[in-house]
Every structure is written in structure tokens, then in C-alpha cells.
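Could you have a look at this structure, given as C-alpha cells, before my questions?
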Amino acid sequence: MTARDAVPTDAINRPYTRAERLSDALVHLAGLVLALAAVPVLITFTVLWRGDAAGVTGVAIYGTTLIAMLSASLAYNHVPNPAWSDRLRRLDLSAIYLKIAGTVTPFVLLSGTGTTFLVAMWVAAGVATVTTFLRRRRSTALSMAIGLGMGWAVLVGGGEVIATTSWTVFALMLAGGILYSLGTPFLVLERLRFHTAIWHGFVVAASVVFFVAIFLHAAMIPI
């Protein structure tokens with residue numbers, strides 16, 4: 001959801017206060033700064049721990065999609081140019097789909113199993129992205145359904161991936177998915193003050209949880 005009080009769209013029916021915009025911007029910036037600082041650390045430690053090209057590529061792809069998602073969300077929500085709103089909204093949605101596939105990538109490439117599932121996730125992300133840019137009208141409900149469906153697909157088709165994780169990593173993956181899911185209703189609760197900051201707070205929190213899960217998985221800590 002946009003945090004601007006700019007032109008009305010299908011996703012906004014009221015102007016946002018300065019406090020709402022500022023709080024949402026701070027949440028975005030906090031998440032982006034954390035990602036920019038943490039991703040190079042993750043890649044470096046993966047090189048030291050694993051040393052294989054596949055594993056390093058996996059965490060690099062994850063880190064790239066994480067930063068891209070946070071950057072796209074910040075741009076859409078806080079670039080004060082109504083003429084760019086529709087394009088940035090589509091970019092924002094597409095970055096979410098790519099980040100979901102990107103999050104699965106290191107688990108598969110670090111373990112060497114679940115390749116078919118990974119390919120399916122990237123195909124789904126690609127189709128969702130193309131559809132997002134080609135569709136004339138944007139549906140928030142449909143976008144939410146696609147995102148949640150892709151996010152929880154690992155429980156349905158990612159058995160091989162889950163089997164390679166420790167109980168702690170799997171618990172963190174579940175916790176991250178639950179945080180994303182719990183935050184989703186706030187995306188559409190426009191009457192609630194600070195609903196965009198709350199929603200994006202859940203996104204940042206879930207992203208931190210998934211980062212820790214991937215970090216522990218790369219470290220091969222048996223806990």
C-alpha cells in the first residue's frame with residue numbers, strides 16, 4: 001500500500017498524515033539499511049563456510065532479491081510522483097514475487113536438493129511478474145493471494161528442501177511465513193492509522209527471521 005497522500009488509486013481511499021508517511025518511511029529505511037549491511041556479511045561467511053559456487057550464488061540471489069524488494073517498496077511508497085505510481089506499484093508487486101523465489105534459492109542450492117521445486121518457484125515468479133505488468137487493472141486481493149500461495153508452497157511441494165533443514169531453521173521458516181501472513185490484513189485496513197507502517201513492519205520482521213534461517217542453514221549449525 002502506498003504511504004503517499006497523492007492521487008487516489010484502487011488501493012487508497014484517504015490521504016495519509018505526515019506522521020503516517022514518516023513512520024512508514026522509517027520502517028522502509030531501517031529494513032533497507034539492515035539488508036545492505038547484512039547481505040555482504042552473509043555472502044562472505046557463506047564463502048568461508050561452504051566455498052562452493054552454488055551455495056554462494058544462492059545466497060547472492062537471495063540477497064539481491066531482498067534488497068530489490070525493499071528498494072522497490074520504498075520507491076513506490078515514497079517517491080512523490082503520481083505519474084510513476086502505476087509503474088512503481090507493478091514493480092513493487094513483481095519484486096515481492098521474485099523475492100519469494102529468491103528466498104527459496106539458497107536452501108536448494110546449499111543443499112543440492114529440490115531443484116524441480118526451485119524451478120517451479122521461479123517459473124511462478126516469472127509468470128506472476130509478466131502478468132503484473134501486462135494486466136490492465138491491478139487487484140490487491142489477487143496479488144495477496146499469489147504472494148501467500150507462493151510463500152506457503154514450500155509446505156506442499158518443498159518436502160525435499162524442508163528435509164535438509166534443522167528443526168531450528170524450519171521453525172524460523174514457519175515463523176517468517178506466519179509473520180508475513182499475520183501482517184497481510186493490515187495491507188487493506190485503510191481506516192486503521194499507520195496501517196502501512198504496521199504492514200511493512202511485519203515484512204521487515206519476517207525478512208529478518210528468514211535471513212537468520214538462511215544464515216544458520218549456510219553455517220550448517222545442527223540445532
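Here the Cβ of each residue, glycine as well, is placed from N, Cα and C on the backbone.
The annotation Zn(2+) binding site is assigned in TrEMBL to His200. If you look up TrEMBL, you'll see 25-47, 59-79, 91-110, 116-134, 141-163, 169-189, 201-221 marked as transmembrane segment.
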Could you pull out which residues elsewhere in the chain have a CB under 8 Å from any CB of the transmembrane segment (116-134), counting only those six or more residues past its ends?
90, 93-94, 97-98, 100-101, 104-105, 108-109, 143, 146, 150, 153-154, 157-158, 160-161
10 Å Cβ neighbour count around His200 (Zn(2+) binding site)?
27
How about the transmembrane segment (59-79) and the transmembrane segment (201-221): at least 3 CB pairs under 8 Å, pairs 6 or more apart in sequence, or not?
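Between the transmembrane segment (59-79) and the transmembrane segment (201-221), contact is present.
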So are the transmembrane segment (201-221) and the transmembrane segment (91-110) touching or not, going by 3+ C-beta pairs under 8 A with a sequence gap of 6 or more?
yes
